[in-house]
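Written out below as structure tokens is the structure these notes cover.
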Amino acid sequence: MVKVNIGIIGVGLVGSELISQLTAHIANNSSPKFSIVALKNSSKQLLSNSTYTSLNLSNWKTTLQTQGLASNLLTFVDYLSNSPTPTIIIDNTSSSEIASQYPLFIKKGLHIVTPNKKAFSEDIEYYKEILKEAEKNKRYLLHESTVGAGLPVINTLNDLIGTDDKIIKIEGIFSGTLSYIFNEFSSLNDDTKKKFSEIVKEPDPRDDLNGLDVARKVVILGRIAGLDLSLNTLPIENIIPEPLRNLTSSSEFLSRLSEFDPHFDNLNQTAKNNNKVLRYVGVIDLAHGEQSVKLVSLPSTHPFSSLKGSDNIIAFTTQRFPNPLIIQGAGAGAAVTAFDL
Ligand SMILES: NC(=O)C1=CN([C@@H]2O[C@H](COP(=O)(O)OP(=O)(O)OC[C@H]3O[C@@H](n4cnc5c(N)ncnc54)[C@H](OP(=O)(O)O)[C@@H]3O)[C@@H](O)[C@H]2O)C=CC1
Ligand SMILES: N[C@@H](CC=O)C(=O)O
Ligand code: NA
């Protein structure tokens, strides 16, 4: 069996978890399928030797810090590209700079796997170019965990399209963070009465609250479904109160959010009065050519209303599935993202 070599860029929450999962797989298998031969973050990198033996990862954080060389993407990529066996580069960053180098990675013979949404949701011409390069060079460019973390969202959509089903609508709760916030804040049978600002305790939830994270996921799915969607033209509801939008400090943002609790209480109460709950939803309506990313009120009987924790839910309405095919489960968090890389 040919062993696959892996180079990991980005060793934060998801990257660290990926290293744990892969090292456990390697330790538990007499003939493991993978070797991790290179690691890097934004300042340091570790490369294995010229025979591509697996790095010793027992104490990799300290090793990277103390023995790592200065980070250099070209050296990193060249090292991987000289590997005699198939090699995957896993981009666990949210960096546009790294995402802009995918054509280089592919030309150097590397396969790409990534949860980084940038390459798939920004410039459409660039997106088309990387798909073309991957196809031309017969390299994998896999990004299932860009939408719904490890939930099989992109694979399902590709499967439906690849078998000639007609996609009518894709709608969902695509942000684990916003799912958690509104599941806690807006429910018809809650007695907790927590304030919006008390629930929003993420280190920096602003890319979720401003709608951009959900918008990226909507663009990614829309493009796979054949639409030329762009973040610039998609209507995106930013639910960050206007006076807090330009704050640079995350802690100031979190501490001032309570000033706007009455605003969110009003929205919640209006929904409740109509037997509804608040949910932040992304919609790609292919039948009507409409897309939206916004806060909506949904009746208590709607499948999105009974979501728990930080689960995502994605409903595909298609010719074959007029009653939507629904995928639901944890859609954020390192463990449920890393396993699908
Ligand atoms: N966390 C989650 O639940 C989910 C995350 N994702 C996606 O996974 C990706 C990783 O997320 P997460 O692990 O939470 O992020 P973190 O911020 O925890 O980690 C990011 C890592 O990327 C490194 N990095 C950033 N820029 C560069 C660069 N230019 N060159 C090399 N390394 C770089 C950072 O290094 P340094 O520390 O040195 O800056 C760090 O190691 C993101 O794209 C995110 O959107 C997707 C689904 C769910
Ligand atoms: N911020 C995202 C995680 C990455 O996609 C979420 O909360 O779902
Ligand atoms: Na997914």
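Positions of Cβ are set from backbone N, Cα and C atoms, glycine also.
Unlike curated records, TrEMBL annotations are generated automatically.
Just so it is clear, the model here is predicted, and its values are computed rather than measured.
Record features (TrEMBL):
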ACT_SITE  Lys217  active site, proton donor
BINDING   Gly10, Val11, Gly12, Leu13, Val14, Gly15  NADP(+) binding site
BINDING   Thr93, Lys117  NADPH binding site
BINDING   Glu202  L-homoserine binding site
DOMAIN    10-144  domain 'Aspartate/homoserine dehydrogenase NAD-binding'
DOMAIN    152-338  domain 'Homoserine dehydrogenase catalytic'
Within 10 angstroms of Val14 (NADP(+) binding site), Cα basis - recorded positions out of Thr93, Lys117, Glu202, Lys217: Thr93
Which recorded positions sit within 10 Å of Gly10 (NADP(+) binding site) - Cα, from Thr93, Lys117, Glu202, Lys217: Thr93
NADP(+) site, defined by Gly10, Val11, Gly12, Leu13, Val14, Gly15: further same-chain residues with Cβ within 8 Å of the Cβ centre: Ser16, Glu17, Leu18, Asn92, Thr93, Ala334
DSSP helix/strand/coil residue counts for the domain 'Aspartate/homoserine dehydrogenase NAD-binding' (10-144): 61 helix, 23 strand, 51 coil
The residue listed as 'active site, proton donor' and Thr93 (NADPH binding site), distance between Cα atoms, whole Å: 16
Leu13 (NADP(+) binding site), number of other Cβ atoms within 10 Å: 14
Nearest of the binding-site residues (Gly12, Lys117, Glu202) to Lys217 (active site, proton donor) - Cα to Cα: Lys117
Per-region confidence, the domain 'Aspartate/homoserine dehydrogenase NAD-binding' (10-144) (mean pLDDT, whole number): 96
Densest Cβ neighbourhood among Val11, Val14 (binding-site residues), 10 Å radius: Val14
Between Lys117 (NADPH binding site) and Gly15 (NADP(+) binding site), the C-alpha gap once rounded to whole angstrom: 15
Close-lying recorded positions around ligand 1 among Gly10, Val14, Thr93, Glu202, Lys217, where CB distance stays under 6 Å: Gly10, Val14, Thr93
